[in-house]
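K.L.:
If you scroll down you'll find the structure; I have some questions about it.
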Ligand SMILES: Nc1ncnc2c1ncn2[C@@H]1O[C@H](COP(=O)(O)OP(=O)(O)OP(=O)(O)O)[C@@H](O)[C@H]1O
Ligand SMILES: [Mg+2]
C-alpha cells in the first residue's frame, strides 16, 4: 500500500539546516499495524505528516496504492487524503466550537456525504466507540480518554484504508491509553492499515512490526510474534 | 455545506463574544452613519430631478464685469424677455418674479380685517409660458388660468391653509398686500419639497405689469433684480454652448447703449446647477455646495472604512487563535476554498447582523438628521436607492473586511497551524495591523482638528465686533404705501410711550443683511468711480437704534427726500482718502441723480455676513423706502414690551400681519450652513474616535491575552507594574504620533480652504494640532489603560499555568 524510497525532508532556517528525513525507505502492506519509535527529534512526526499527505518531501518517491504522490499539489493531496486517510493526534485536535457529533460529522461533510447518511454513519461510529451518550457535548466537557475516542471515531468515520496516529496515548493515563489501543487493534483486525508513532514500548507491542528510527533513518525493524 | 458554515460561524461569533460585540458595534455605527450621509447626499442631489425636461431647462442669468471684480445675478433686466423672444424664436422662454414677505388677506366672517398671511417665500408672479418650460400637475385649472390680471393660483396646501379645502378656495377673492384683489382661478398639486422653485402662491404676471411700481418692477435695461428670472427650454437638438455664444452677441447689442462702467453678459445656467451654484440666489430654502456634499460623502466613506479596519484588525489577530481549528479542518480534508468560504460566511453573518442594527440606528436618527440638514420633506429609509445602497455596502464591507482574514487563514499550513506556531503569519499581520491603526488615527485626528477649527471659527463669528448692536433690536416689516407712511410719525410717538422701548428707527434695511441695494456713483464732481456703493435709506434715529458710531461730522438731517449723506470708513478708504474729516463737505452723485453733500462719517460696521468684506456704504434719508421699523428695546420685561408693541401695531396697521423678527436671529441665520457643517463635524469626529477606540480596545484585549505569559515571566523576574504598562502603551503612542504627522497636512489643507470662505477668520493656530494629538493620546491611553492594568496586575503564577 505504501512504498517510499530514499525520501528526504530538509528544514532550512536562516542559520541551520535540519535533515529531518535522510533517504528513508519504508514499505507498509495493506492490513498491517506498524509502530514507529525513536528518540525525540528523529523525524517520526515528519515522516507521518508526509505519509498523511499533509506535507511534501524534498526528494525521493512515495507510491500510495501504486500512484506516485510525491509531487501532488495541495488540491490533489487534500482529495486523496479525505477519502483514504484518517488521523489521530496526541493532543486530540477536536474543534472546540463543535459538538462531539459535529466533530465526527466533519469529514463526511468534506467528502460530500448526504445529510441523512451522515447521521446514520456518525451514530454507528459513536456507538462503536461507546460515546453515543455524549453526542451533544462539547470537547471541553469530556475527559481526555473520551476526547481521544471521539478523535478516533472521527478518524474512522469515512472508512479510511489507512489510519495515522501520532502518539495517540501520549496525553492519556494507562487505562484510557489501553482502551484506545484496543480500539485501534479492533480496527486493524477489521482490515484498516495502521501506522502509529509512539514512545511507549507497551503500546508498540500491539503492533505487528516496529520501525526504529534515528536521525531521519530507519535503524532497525522488529517483527512481532 | 453552507448550513455547516453558518452553524460554525454562529458558534464562533458567540464564543468570541467580546470581539463580535466590538465588531458589530463598530460596523453598525459606521454603516448607520454612512447610510444617513447617503440619504442626505442623495436627497440634495435629487433637487429638481422630477422635472421631465430636467436636462433642457436653463435660466438666463447675468454676469457683470467691473474693473476689479465680477458679480453674478440670477436675474436679468425686464425688457430682455421681449428681446430674447424676438432673437431666439425657437426657444421657449417663461418669466417669473418672486416677492418676499408679501401679505395675502383672506376674507373671513369672524374677523373684520380678514385673516392675514405673510408669504415669506413662494409668492411668484408667473407668465403662463413658464409652464411650457417647467411641468407641474394641476388639480384644477391650467396655465391659461394665469393669462389675465388679478388671477391667482394656489397650491393645494396653501389653499387648504387659507380656506380649509382647495375645493372651497376656487373662485374666492383674496387681497394682495392690501391693494390688489386676486381671484383664485386654479389649484396646483403641491410642488415636491426638493424643488428650487417652491411655488405656493402664483399670481398672474399681468397683475405685476399693472402694479410694477409697488414691486420695483421696471421695464428698463439698467435695473437687474435677482427677483426677476427668465427660464428657457432648449429644443432637444440645441446645445447650451451655441446659445451662450449667441447670447454674447445679444448682450453686446443690448447693453452697449447703456454706457455703464461694467460689461454685462447674459448666459445660460442649467437647472442641474440651480441647487449648487452659490453665485446665484435661489428661490428655494437653501443652496448646497457640491464640495460640502463631497466632504460629507468622504467622511461617510471614511467612517465605514474605519469600521472595516477594526474588523480586519481583530479578525487577523484572532486568526492566530483559530489556527488550530483551521489546521484540523485541513487535515480532515477541507480544502482552501472551503475554508475561505467558511471565514467569508462568518464575516457575512457579522455584517448582516450589523446591517440590522445599523438600520435600527439610522431609523432612530433620521428625524435628527432631517433637522440638522434642514430638509423639509419626510425622508424615508426604505427607498429603492437605500436598499441598493445597503445591499452594496453589505457586499463591499464583507469583501473588504473578510477577504484578507480569509486569505490569511486559508493559507495556513496545516502542520504549523496545529503546532500553533504562527510566527511567520503573525509578523506579517502585525505590520498590517499597525498600518491600519495608523490609518484610523489619522482619520480621527483630521476630524478632531476640523471640529476644533470649525467650533472656534463659529465662536469667533458669534463674538466678533460687528460695529453695531444686534441685541434687543426688534425688526417689523411693513409696506411703504402712502397711507402707511403717513401714519409713521404717530406710530413712532406711540411706540416711544411704551416704557421698554428705547428708540425707534424707520429704514429700508438693517445694518447687516443679504439684500444690498448697490449702484454706481461719482465723488467730488469727478466721473463715476470704478466700483459700486451700497445704499441705505434711514431716518436720523438709525444710528442710535442700531448703535452705530459716528467718527466725523454729524447725522444727516431728517428729510422725506434725499438731502444729505453719511458714508462709512471703507468708502473713505476706497476713495483713497486717509483722513475721514477730509470728505465732509464734499459731494457724491448717486446713479444719474444730482450731487449731495457728505455731512458725516460712520465707523465701519459689518455690512453682511463675515464671509464677505465690508462694503462701501452711503446712508441717506428717503421716506419712500422706509419699509422697516427697527425698535431698540430694554431687555427687562421683554414679554410685556413685545405685547405692547404688537398692540400698537395692530392699532395702526390692522390690515397688516404682525411678524416681528429679532435682529440677532436674522444674523445667526447667515451662518446656518456653517453651523450645520460644524455640528456634522462634531458628530462624525465623535463617531470616528469611538470607532477607533473600539478597535484599539479590541487589539489591546487580544494583546493582553497573547502577552499573558510574557507578562507573567517578566513579573516573576521582578518587572514593575509601570514598566509593564509601558510595554502596552509604547507601541500605540508611537502609532498615534506617526498618524499625527500624516493628519497635520491633510487637516491643514482642508481647514485652510474652509476658513477661506470667510473674510473674517481665525488663524490656524498650532494649538488645534496640539489639541488633536494630546486628545488622541489621552483617549488611547484611557482605552488601553484598563486592559493593560488588569494584565499587569494579574497573578503571574496563574498566567503561567494557563499556558
Ligand atoms: N517546521 C520545522 N522547521 C524546522 N525544523 C523542523 C520543523 N519541524 C521539525 N523540525 C526538525 O526536524 C526534526 C524532526 O522533527 P519531528 O517533529 O519529526 O521529530 P519527532 O521524531 O516527531 O520528535 P518527537 O518525538 O519529539 O515528537 C527535528 O530536529 C525538528 O527540530
Ligand atoms: Mg513528534
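For all residues, glycine too, the Cβ spot is worked out from N, Cα and C.
Curation plays no part in TrEMBL annotations; they are all automatic predictions.
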K.L.:
So which range, B:236-260, B:261-285, B:386-410, gets flagged transmembrane segment in TrEMBL?
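P.N.:
In TrEMBL, the transmembrane segment feature sits at B:386-410.
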K.L.:
TrEMBL tags one of B:199-226, B:339-366, B:479-506 as transmembrane segment - which one?
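P.N.:
That would be B:339-366, per the transmembrane segment entry in TrEMBL.
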K.L.:
Look up transmembrane segment in TrEMBL and report which of B:293-318, B:527-552, B:553-578 it refers to.
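P.N.:
Comparing B:293-318, B:527-552, B:553-578 with TrEMBL, transmembrane segment matches B:293-318.
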K.L.:
Going by DSSP, how much of the domain 'MacB-like periplasmic core' (B:482-611) is helix, how much is strand and how much is coil, in residues?
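P.N.:
Across the domain 'MacB-like periplasmic core' (B:482-611), the residues distribute as 31 helix, 40 strand, 59 coil.
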K.L.:
Where DSSP helix means H, G or I and strand means E or B, what are the helix, strand and coil counts for the domain 'ABC3 transporter permease C-terminal' (B:298-414)?
P.N.:
100 helix, 0 strand, 17 coil
